[in-house]
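Engineer: So Swiss-Prot has the following annotated:
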BINDING   C385, C448, C451  [4Fe-4S] cluster binding site
COMPBIAS  524-537  compositional bias 'Basic and acidic residues'
COMPBIAS  551-560  compositional bias 'Polar residues'
MOD_RES   K31  N6-succinyllysine
MOD_RES   K50  N6-succinyllysine
MOD_RES   K144  N6-succinyllysine
MOD_RES   K233  N6-succinyllysine
MOD_RES   K523  N6-succinyllysine
MOD_RES   K523  N6-acetyllysine
MOD_RES   S559  phosphoserine
MOD_RES   K605  N6-acetyllysine
MOD_RES   K628  N6-succinyllysine
MOD_RES   S670  phosphoserine
MOD_RES   K730  N6-acetyllysine
MOD_RES   K736  N6-acetyllysine
REGION    524-560  region 'Disordered'
TRANSIT   1-27  transit peptide
Amino acid sequence: MAPYSLLVTRLQKALGVRQYHVASVLCQRAKVAMSHFEPSEYIRYDLLEKNINIVRKRLNRPLTLSEKIVYGHLDDPANQEIERGKTYLRLRPDRVAMQDATAQMAMLQFISSGLPKVAVPSTIHCDHLIEAQVGGEKDLRRAKDINQEVYNFLATAGAKYGVGFWRPGSGIIHQIILENYAYPGVLLIGTDSHTPNGGGLGGICIGVGGADAVDVMAGIPWELKCPKVIGVKLTGSLSGWTSPKDVILKVAGILTVKGGTGAIVEYHGPGVDSISCTGMATICNMGAEIGATTSVFPYNHRMKKYLSKTGRTDIANLAEEFKDHLVPDPGCQYDQVIEINLNELKPHINGPFTPDLAHPVADVGTVAEKEGWPLDIRVGLIGSCTNSSYEDMGRSAAVAKQALAHGLKCKSQFTITPGSEQIRATIERDGYAQILRDVGGIVLANACGPCIGQWDRKDIKKGEKNTIVTSYNRNFTGRNDANPETHAFVTSPEIVTALAIAGTLKFNPETDFLTGKDGKKFKLEAPDADELPRSDFDPGQDTYQHPPKDSSGQRVDVSPTSQRLQLLEPFDKWDGKDLEDLQILIKVKGKCTTDHISAAGPWLKFRGHLDNISNNLLIGAINIENGKANSVRNAVTQEFGPVPDTARYYKKHGIRWVVIGDENYGEGSSREHAALEPRHLGGRAIITKSFARIHETNLKKQGLLPLTFADPSDYNKIHPVDKLTIQGLKDFAPGKPLKCVIKHPNGTQETILLNHTFNETQIEWFRAGSALNRMKELQQ
């Protein structure tokens, strides 16, 4: 094995990198640590300023905030070609964050790279594997017992390779990042689609797949297609029942689930100052639901206040010094502008089954009656990475306190998920948690829980039609409880609390009355609560594991008989030929999210074992041939069976296959398993009308061909019984379409064109069999 420095030098030479950037290089003008946990890793505002000035001089125009932060992290700002929506940028992120469900595969890939240490500050957060059953402490103990093997792997891998480890119970990754790691101007990538949460603190924080994280941890420049910038101008101010959540619910209704694809959403305008820092994080977090690359707010006094309250006054002071680089230039141009008057914005509730179906709360009851949606609310759930801040808990408690004063409790079941151990300890100290319990709530563990399907729900049977209301971010079919008949709606935590007390979608807290225990009618007043605790946060229990300075003796063991973890085998290289006679595994009808492609919930336990988790491949996708989920025709036997079984049959018999998809294929989570699984089971290409950004990149990273119909109507020319040949791979080049020959069973053929977004580097991934294979080639 070559020394680490030599490996890095070889990689950089092969990739054309001029200088190896490490975040710990000392600042010229100031030395402020990126976090309390990494005292020798410094914020590089001086480098950000230098790069911004180089790019501004080249482009000769005012820059948006998004451009400042992104271009400020260019690997080669003097020579990088920059064109929004077209060129690929080579960037140097400041840090990497991984949650436990995706960190398993990311760390397995990093181990395969052969590198001894991560090159940038990185952390692992245990939040996804804790199932909600009865309550916080018992659920946490159960999760530690069930997931001991995985937690031990992540802890020892973190110690071995220099990655900080947040133990189970510490909280949700995005809340931990906001409290400890995000700062104005940071470029952070995370292996979770809601990483944009950090935009609430003025950073560009982007969700990626594990293979992208491996690149950054290996010290390789990270590639991102130069994003467009959508400006959202906020005027007026929030008041009454209207909350930050309503801003993004409104934006989702305007832009839809794919309207932000390929763009950063940048909020600006005088209305920004009426929103708390954690409220801005809520808005940025749910920007993932419109397909945005990320979202961001400009640095302001709210962020300064939050930094100071979370023990980072030194960062706030440094940000003040560089403030001009942390806000947009006057006169900067956006690719699209949306204007929202916060004075006129009403409380919203979105759903069911998609986060962009927006309704004012005042109207949803009427719409539900018309559509036949269940009006009675079975469960109200507050928390999640989107809405679990101190302010969120305080506003919900303010609503609950009014109900208690009139002798009322929740008519619906009611659960509360604190965002972090710090939030849990602080709301316990300040009495909010007890108020929420008194109104009928159950406080769950500091984890994702029901939001990602980690919910052992007992009150209904699968297939039973029912309604739940959450303060979460996603409400895809079956996501929360694996029941396709659960009508899930997303709204603010205070609206969830009010609706859980009333027990019906027909209740409008702005106008409707409740009847107290004494028989008297009363109206809930709009909640008011502190955005931050008046005294310091209570940190609660210490849940962080520092990586040791010397890890030379650290072992990382993966049992060959484990059902949870599996070392990776390299994927096969491209054989240099066109892809002939591909069988169609499934032609997908309609929406196909990463939840449909690789379900979460009970499958999370297999996230570190590629072969086992591949048994959930596309089990949620609807087959256009019969309108059913997880039922496809085996082209050899002509029998219908589960998608994974059919894929395994094809792999065993040497039959290569393809998936045909609809619009925005792969929207939702960043989980790269949705790309690893089809590759592992013999897939070669995914052909759709359009892709979600993260999933398209993940497919490329694993050596698959994500292709789009040059004419979207060609989707209708392909039938599940056809065979496809993809031609032109010997001359595969950026911007050059590939040909697809459709071979029908009756002997006729049609030829169509397929577009792609591959650049030269990504084409090398395909030829090598995967991005990881290519990395290994460059080490030799």
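Glycine is no exception: its Cβ is also placed from the backbone N, Cα and C atoms.
The model shown is predicted, which means the values in this text are computed figures rather than measured ones.
I'm curious about the neighbourhood of these features; can you describe it?
Structural biologist: In three-state terms derived from DSSP, C385 ([4Fe-4S] cluster binding site) belongs to neither a helical nor a strand segment and is classed as coil.
Long-range neighbours of the compositional bias 'Basic and acidic residues' (524-537) within the same chain, counting only residues 6 or more positions beyond its ends whose Cβ lies under 8 Å from a Cβ of the stretch, are 179, 239-241, 276-279, 302, 305-306, 309-310, 390-391, 394-399, 402-403, 422, 425-426, 430, 494, 498, 501, 509-510, 514.
Around K31 (N6-succinyllysine), the same-chain residues at least 6 positions away in sequence with a Cβ under 8 Å from its Cβ are Y42. In three-state terms derived from DSSP, K31 (N6-succinyllysine) belongs to neither a helical nor a strand segment and is classed as coil.
The Cβ of K50 (N6-succinyllysine) has 14 other Cβ atoms within 10 Å, all protein chains considered.
In this structure, K144 (N6-succinyllysine) is part of a helix by DSSP.
Note: K233 (N6-succinyllysine) has non-local neighbours H268, G269, G271, V337, I338, E339, I340, i.e. same-chain residues 6+ apart with C-beta under 8 A of its own C-beta.
DSSP assigns K523 (N6-succinyllysine) to coil in the three-state reduction, placing it in neither a helix nor a strand. On its own chain, K523 (N6-succinyllysine) has P509, T511, D512, F513, L514 as residues at least 6 apart in sequence with a Cβ closer than 8 Å to its own Cβ.
Cβ neighbours of S559 (phosphoserine) (same chain, under 8 Å, six or more residues apart in sequence): L565.
K605 (N6-acetyllysine): 19 other CB atoms within 10 A of its CB, across all protein chains.
Using a 10 Å radius centred on the Cβ of K628 (N6-succinyllysine) and all shown protein chains, the other Cβ atoms total 13. Under the three-state DSSP scheme, K628 (N6-succinyllysine) falls in the strand class.
Classification of S670 (phosphoserine) by DSSP places it in coil, neither helical nor stranded.
For K730 (N6-acetyllysine), applying a Cβ distance below 8 Å and a minimum sequence separation of six or more within one chain yields G576, K577, D578.
Remark: K736 (N6-acetyllysine) has G728 as non-local neighbours, by Cβ distance under 8 Å and separation of at least 6 in sequence.
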Engineer: If you skip the near sequence neighbours and keep only those at least six away, which residues in the chain come within under 8 angstroms of K144 (N6-succinyllysine), Cβ to Cβ?
Structural biologist: Y151, P168
Engineer: Can you check which residue among the binding-site residues C385, C451 has the largest number of Cβ atoms within 10 Å of its own?
Structural biologist: C385
Engineer: Spatially, and counting Cα to Cα, which of the binding-site residues is closest to K628 (N6-succinyllysine)? Options: C385, C448, C451.
Structural biologist: C451
Engineer: State which of the following recorded positions has the fewest other Cβ atoms within 10 Å around its Cβ: C448, S670.
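Structural biologist: S670, out of the recorded positions C448, S670, has the fewest neighbouring Cβ atoms within 10 Å.
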Engineer: For S559 (phosphoserine), name the DSSP secondary structure in the helix/strand/coil scheme.
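Structural biologist: DSSP assigns S559 (phosphoserine) to coil.
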Engineer: Roughly how many Å lie between the Cα atoms of K50 (N6-succinyllysine) and C448 ([4Fe-4S] cluster binding site), rounded to a whole value?
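Structural biologist: About 39 Å separate the Cα atoms of these two residues.
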Engineer: For K730 (N6-acetyllysine), what is the secondary structure by DSSP, using just helix, strand and coil?
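Structural biologist: K730 (N6-acetyllysine) sits in a helix per DSSP.
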Engineer: Which three-state DSSP class does K736 (N6-acetyllysine) fall into?
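Structural biologist: The three-state answer is coil.
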Engineer: When DSSP states are folded down to helix, strand and coil, where does C448 ([4Fe-4S] cluster binding site) land?
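Structural biologist: SS state of C448 ([4Fe-4S] cluster binding site) = coil.
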